[in-house]
Every structure is written in structure tokens, then in C-alpha cells.
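Encoded as C-alpha cells, the structure appears first; notes follow it.
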Ligand SMILES: Nc1ncnc2c1ncn2[C@@H]1O[C@H](COP(=O)(O)OP(=O)(O)O)[C@@H](O)[C@H]1O
Ligand SMILES: CC(=O)OP(=O)(O)O
Ligand SMILES: [Mg+2]
């Protein structure tokens, strides 16, 4: 099976994409791109594999939602591809619910099942579904594949997945699912490549982007993670509060009289770094600010990471390696440094000069825990999964190519 694979990753504040060529069962990156700052100042950028910029422009008006940005994105991709044909489109779908534990071809029943999960991930789930519908209209017959953030955590021990609710609710799919699984799958693969002696050990990965979570791994598999039933749980994020006493939700409903829609908006869109700082959900803006509220927001962000690393270290029975990734984890040296300082009791020792240079290994030779910065690539995992589903659907003689 040969052809071009489009991987689409609609996150909460960005749409990232990549084009890969699939030939002779190997994948080659052609280009990658992103629309960032969605909801504030959408900017489109496309890069060659070596990082050179192909195109950069401000796009549409500030209020344009994900859906409106898809049309110009698809037009740009089509123009760029020229005569080359897309063979398959892979989508990052945040929630697979109880039904989907591996990548699946999107058809009408799958689409209906995924629509039912929108309320569990209102910031994310609608975007790939809207994209899949738009692509089906423009290119009927083109195979589309859903790749799930939740799938990586499917094998989590039952005790880690339990919400502690009565059994009937658990039987009905109310469990801790975990997210950012495509990123964790990529990071686990990379760690195995360059530090195979650590890949089977006690590892905590920190995916710190607009959405943020931690994942504890043994043998490269998830044993627990900070996000749970929804992508609201765990760490403080750009505009999500993270772990919240459920009593606070009852209070908002009963004593404050907020509607369900207002509470959903409050918890997903108005809280976290944005809510605490009153300035921005964007870590860059907070780091550049001299406001006391921005400092408080950053302090809370770091505090929750440190606290949850403590909990996950207990679950893993110790810590051999800590990996920072995603927008903040890859670029914000001061955040990494603050987390490492607070983990000195675990024997974590950051090499500040390597950290400042964003080197891949940022712990000192004496550190009891090796600390890495690894650039994540969810799109590469999406492309590999999409190619796998396409290959599996090809007749054997075609699949040989
Ligand atoms: N150089 C940087 N310094 C600090 N934070 C950064 C930097 N670059 C990106 N970020 C932060 O990364 C976050 C976005 O991460 P990303 O993984 O791209 O998000 P998404 O969840 O939309 O995929 C934002 O908070 C942004 O401020
Ligand atoms: C699940 C999630 O929070 O994703 P993102 O970080 O892309 O918002
Ligand atoms: Mg992301």
C-alpha cells in the first residue's frame, strides 16, 4: 500500500497536521503544520521536515472556531499536494469511551458512537468529528481513521481506573480513561529507542501543553494517569481547573444557581491558568508578565505537577526517569527547573545549563532520576495507525507493496 497520509490533531487551542508518504511499509514525513492560537489570534504555519518554514500567515478573524479554519486548511493541503493523492486521513479523537480500544475506520455507526461521547470531552471531541464530516463531503470514499487518546490507558490496572462509584455506574462505562495517549505512545517509543535500559523501568511522563497530564509507566505501559473520566481531571491547565472536589460542583449548582452549561464553561474555559491569573491561558504570556496573579497561576501549575508526581511515584514504587513534553514541557525551562527543584527529595538534580539549552537529557550525572525533554509527535502516531488500518483493509496482493 502506497500513498499520502494526512494526520489531523485538533487540540483544544490548536489544529496540528502532518503529511506523510507511505511507501513499502515505511513512513516519510513530507511536511507538518499547525493553526495555533485558536479562539484568540489564529496563526497558520507549515514547516518542512528540517524545520524550515514553508508558509506563515494570520488566518481569519480572532473568533473563528476550529470548524471555520478547517476549510482553508484543507484547501491549502489540496493545493500543496497537487496531483498526489491522499490515501487515508487519520484523526486524533480524544475520547474512545468503553467501545474503542484501538484505531478504527470511521463509518456512520462509529460516527454515531463518537458523537455520544461529546459531552465527556466538549473542548475536543467535536473538532475531529466536524473535520471527518467535512472531509467525507469533500472527498466521499476517502478512508478516515479515528485514533484514540484513551486507548493507551486501556490496560491500566482496574484499581487505577475505578472512580469509586457504585458498581452499576462502572458497568455503564463510568471509569477513569486517561488522555494524551497518542503522545504517551510516541514518547514511550522514543525513550525505548535512546534509553532502552530505562524504558521498562519506573517512568513518569509529563505532557504539559494547553491540556496537561502525567502518566506513570512500567514496561512502557500506562499504570496510572492524572486525567480520568474526562480531560478535566488532574493538573491545572490553560483554562481547566484540574482535580476539583465534586462538592464544589454541587455548591455551584445548588447555592450559586449556575446552570449545567455555565458550570461546563467555567470548568473547561474560564479556570486554570486563565482563571487564576486573570491574564491568559498561554504560559508564554504568564512567564512574560510581572503580575502577582500570573506568578500565583504559575506557582499553582508547578505545585500540582509536583504533588501528582509524588502520588504517581508511590504508585510506580519509585522513579527512574521523568520526561517533559508538549508546548510547556518542551519549551519552558523555568517550569522544568521549578519542578525538578521541588523533587530534590527524590534525588532529582537538574543540570541548569543543559535545561536552559533544552537538551534532551537535563539531569546531572549524579541525579538519582534521569530527566529528559522529548519533543512529542502525536501526528506520527496517528499516521502510523491510519496506515495500519488502511493496510489491514487492503486485499493481500495490494498490501504487499
Ligand atoms: N517557548 C515557550 N515557553 C513557554 N510556554 C510555551 C512556549 N511555547 C509554547 N508554550 C506553551 O505551550 C502551551 C501549548 O502547548 P501545545 O502542546 O502546543 O498545546 P495543545 O494542547 O493545543 O496541543 C501554551 O500554554 C503555550 O504557552
Ligand atoms: C486531552 C487534552 O487535554 O488535549 P489537549 O492537550 O490537546 O488540549
Ligand atoms: Mg495537544
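Cβ from N, Cα, C; glycine included.
Unlike curated entries, TrEMBL annotations are predicted automatically.
Listed features, source TrEMBL:
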BINDING   9, 378  Mg(2+) binding site
BINDING   16, 207, 208, 209, 210, 211, 282, 283, 284, 327, 328, 329, 330, 331  ATP binding site
BINDING   92  substrate binding site
ACT_SITE  149  active site, proton donor/acceptor
SITE      180  site 'Transition state stabilizer'
SITE      240  site 'Transition state stabilizer'
Listed recorded positions 9, 149, 208, 210, 282, 378; those within 10 A of residue 92 (substrate binding site), CA to CA, turn out to be 9, 149, 378
Check the Cα distances from the residue listed as 'active site, proton donor/acceptor' to each of the recorded positions 180, 208, 210, 240, 282 and keep only the ones within 10 Å.
180
Tell me, which recorded positions from 9, 180, 378 are within 10 Å of residue 210 (ATP binding site) if we use the C-alpha atoms?
none
Site with most surrounding Cβ atoms, counting all protein chains shown within 10 Å, from the recorded positions 16, 92, 180, 284:
180
If one measures from the C-alpha of residue 180 (site 'Transition state stabilizer') to the C-alpha of residue 208 (ATP binding site), what distance in angstrom results, rounded to a whole number?
10
Please report the Cα separation of residue 16 (ATP binding site) and residue 240 (site 'Transition state stabilizer') in Å, rounded to an integer.
21
Please give me the CB contact count at 10 A for residue 330 (ATP binding site), counting all chains in the structure.
17
Which of 282, 378 has the fewest nearby Cβ atoms, counting only those within 10 Å, among these binding-site residues?
282
